[in-house]
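Asker: Got a structure for you, questions after.
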Amino acid sequence: TKSVMAEYDKNLTDIAYITSIAEFQTHLHLNDLSKKRAMEKYYEIYRACLKNTAIIGRQLQSLINSNHTSIRWLLQRTQAIGEAGENNTVNKFEIQKLKTSLKEIYYRKFIWNSTQLGIDEVQEILGALESPDDLLALWNATYEVAMPMRENYSKLIAAQNQQAKQNRLNDKSESTSNMEERHVVEQLWQELKPLHRLLHAYIRQKLYKLHPKHVQLDQPIPVHLTKDIFGSMMTYLMKDILPFPHLKEIDLGPAMKRNNFTEENLFQYADQFFVSLNLTKVSNNFWNLSVFKKIPGRSMACHPTAFDMYKYDDVRIRMCTSLTSRDFYIVHHEMGHIQHYLQYKSLPFWFRRSPHGAFSEAIGDAIALAAMSPTHLKRIGLLENYTLSKEDNINFLVSQGLSRLFLPPYAYALDIWRWSVYNGSIQPSEYNRRYWNLVCQYQGMKPAKPRDEQYFDAGTKIHVAFDLSYIKYFLAHVFQFQIFDVLCQEAGYRGPLHLCDLHGSAAAGNKLKILLGLGSSKPWEDILEEFAGVRTFSAKSCLRYFKPLQDYLESLVEQGQLNVGWTCNNDKNDARRKTLSRRKFYLFIFMNFMLSISLF
């Protein structure tokens with residue numbers, strides 16, 4: 001068994017290396033069809049190898065109860081190899097064809113203000129706009145890109161559900177998230193919801209003062225006014241909504257420019273942070289082969305992405321970086337992925353991945369929490385003349401809330417929509433309406449005007465266009481605080497959680513290696529228990545981190561300064577639709593009755 005699986009490990013590693021390089025190059029040359037065809041060819045070879053692996057794994061199923069833990073877990077994983085290992089070649093190629101078409105639509109350029117843009121290039125421009133009309137014009141233009149996706153997306157759902165049934169599942173969503181995980185997400189959301197609603201009310205009130213004609217104090221927030229495409233990471237609002245604007249804000253952009261930072265410097269700071277924790281320094285290859293900023297005149301993918309090439313310590317990042325607080329955070333997040341790859345690089349191919357999607361995302365975010373701490377920013381010279389008064393702390397926590405407390409409800413709404421599409425409770429004729437209903441219900445956001453079914457607004461999110469699960473980001477945004485709390489305790493820190501600086505703590509780094517180095521060689525619950533002493537995700541650390549902010553916002557409510565909550569028009573609209581349907585039915589009966597009389 002060991003020799004057979006070792007041979008497949010070597011073959012898969014070689015093929016994955018070639019395929020990853022082809023994918024990296026394709027993303028840098030979106031208009032080069034030869035590179036795209038090469039990538040597709042290598043992916044077919046990779047899928048064929050996976051298929052053979054699945055077949056061999058199933059032939060060895062009798063050994064699944066082996067006393068050898070690694071063999072047993074490896075065989076369990078090969079039993080679950082998904083669509084790449086399926087036998088229905090026609091259906092498999094149809095799925096790949098549909099996925100390719102959705103990606104091509106996502107990468108289409110559009111013209112705004114005489115500038116050619118892709119969806120990935122919009123955010124920085126949107127964040128710099130001030131006029132509500134300009135914000136809405138760019139937001140509308142961005143969301144129009146996904147309109148042609150609707151037909152092929154519904155075909156993709158049907159094809160994937162057919163494939164899932166061949167795999168003895170009810171629908172595709174069962175392969176991406178089980179009912180137990182959804183129960184955990186719902187429980188976590190109920191814990192987070194009071195804090196989210198408080199911060200939502202505070203932001204809405206500040207936006208009302210800025211844009212009284214566009215915001216109502218008992219309604220959802222028009223999403224374009226958040227200066228974020230999805231209203232999930234609203235860091236560009238910070239200077240307009242801090243509760244104590246007379247105090248110095250944490251805006252790293254001007255400080256980085258004063259210190260003559262380059263885009264590469266951001267990654268160097270993140271690398272140094274990991275090294276200070278006694279973790280692995282990236283190799284020269286990383287600096288030579290990564291792409292840190294947009295290449296002029298090149299049509300390339302800009303969505304921040306970390307790549308594990310699977311051989312020769314070859315790890316890379318592709319990102320169109322800007323010198324902003326937002327990207328300082330994102331760079332540390334992406335370097336968390338890189339560190340994860342470096343720590344489990346000696347494991348067999350099968351185990352060189354995260355044991356749960358939330359792990360890899362949360363690890364980078366936990367380090368970003370430490371890197372964004374005022375204590376750490378002062379240490380590295382990016383925060384000068386900054387005090388740590390109660391008001392400063394509240395300002396800081398508001399800025400952190402803008403980047404961390406609105407993604408969980410958006411992620412939950414998005415994947416509830418996706419699960420409902422897969423199980424048929426949302427039909428293609430109502431894709432857009434039901435998407436915005438869920439965004440309103442969970443996130444408290446809405447479009448400036450109702451958007452009908454000619455649009456496919458969910459497809460503006462890359463994870464929908466690329467058919468990638470998003471619920472892991474919900475879990476990661478909770479789990480990052482759990483990781484951060486454990487690491488701060490290991491470092492001997494006992495103060496307010498939001499002021500913890502992990503820099504230089506080898507003890508914290510050694511603890512983090514438990515999460516990083518095991519890859520997926522054990523079930524995620526076992527790894528979490530080894531790291532934190534518990535077997536599930538918890539929101540307690542997140543709530544503790546934001547406790548000073550929650551207390552402050554609750555005091556504003558008690559003083560009558562905040563109106564919490566919002567009303568969605570979904571129920572009214574649904575009732576109106578039912579009334580109209582009944583009227584049409586009665587009219588149909590009446591007309592038929594009159595026709596029968598006339599014929600008689």
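Quick reminder: no glycine exception, Cβ is built from N, Cα and C everywhere.
Heads up, TrEMBL stuff is auto-annotated, nobody curated it.
Okay, so TrEMBL annotates it like this:
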ACT_SITE  Glu334  active site, proton acceptor 2
ACT_SITE  His463  active site, proton donor 2
BINDING   His333, His337, Glu361  Zn(2+) 1 binding site
DISULFID  Cys302-Cys320  disulfide bond
DISULFID  Cys488-Cys500  disulfide bond
CARBOHYD  Asn113  N-linked glycosylation site
CARBOHYD  Asn288  N-linked glycosylation site
Asker: Within 10 Å of the Cβ of Cys500 (disulfide bond), how many other Cβ atoms can you find? Include all protein chains, please.
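Answerer: Here the count is 23.
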Asker: On a simple 10 Å Cβ count over all chains shown, which one of the recorded positions His333, His337, His463 is most densely packed?
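Answerer: Most Cβ neighbours within 10 Å: His333.
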Asker: Taking every protein chain in this structure into account, which of the disulfide-bonded residues Cys302, Cys320, Cys488 has the most other Cβ atoms within 10 Å of its Cβ?
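Answerer: Of the disulfide-bonded residues Cys302, Cys320, Cys488, the highest Cβ count within 10 Å belongs to Cys488.
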Asker: May I have the list of same-chain residues other than His333, His337, Glu361 whose Cβ is within 8 Å of the Cβ centroid of the recorded Zn(2+) 1 site, in sequence order?
Answerer: Ala306, Glu334, Gly336, Ser360, Ala362, Ile363, Gly364, Asp365, Ala476
Asker: Which ones are near His337 (Zn(2+) 1 binding site): of the recorded positions Asn113, Asn288, Cys320, His463, Cys488, Cys500, which have a Cα within 10 Å?
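Answerer: The recorded positions close to His337 (Zn(2+) 1 binding site) (Cα within 10 Å) - there are none.
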Asker: Provide the number of Cβ atoms within 10 Å of the Cβ of Asn113 (N-linked glycosylation site), excluding the reference atom itself.
Answerer: 11
Asker: Going by C-alpha distance, which of the recorded positions His333, Glu334, Glu361 is nearest to Cys320 (disulfide bond)?
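Answerer: Checked the recorded positions His333, Glu334, Glu361; minimum Cα distance to Cys320 (disulfide bond) goes to Glu334.
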Asker: Where Cys500 (disulfide bond) and Cys302 (disulfide bond) are concerned, what is their Cα separation in Å, rounded?
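Answerer: Pair distance, Cα basis, whole Å: 32 Å.
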Asker: Return the residues near Glu334 (active site, proton acceptor 2), defined as same-chain residues 6+ apart in sequence whose C-beta is under 8 angstroms from its C-beta, sorted by sequence, else 'none'.
Answerer: Pro304, Thr305, Ala306, Ile317, Met319, Gly364
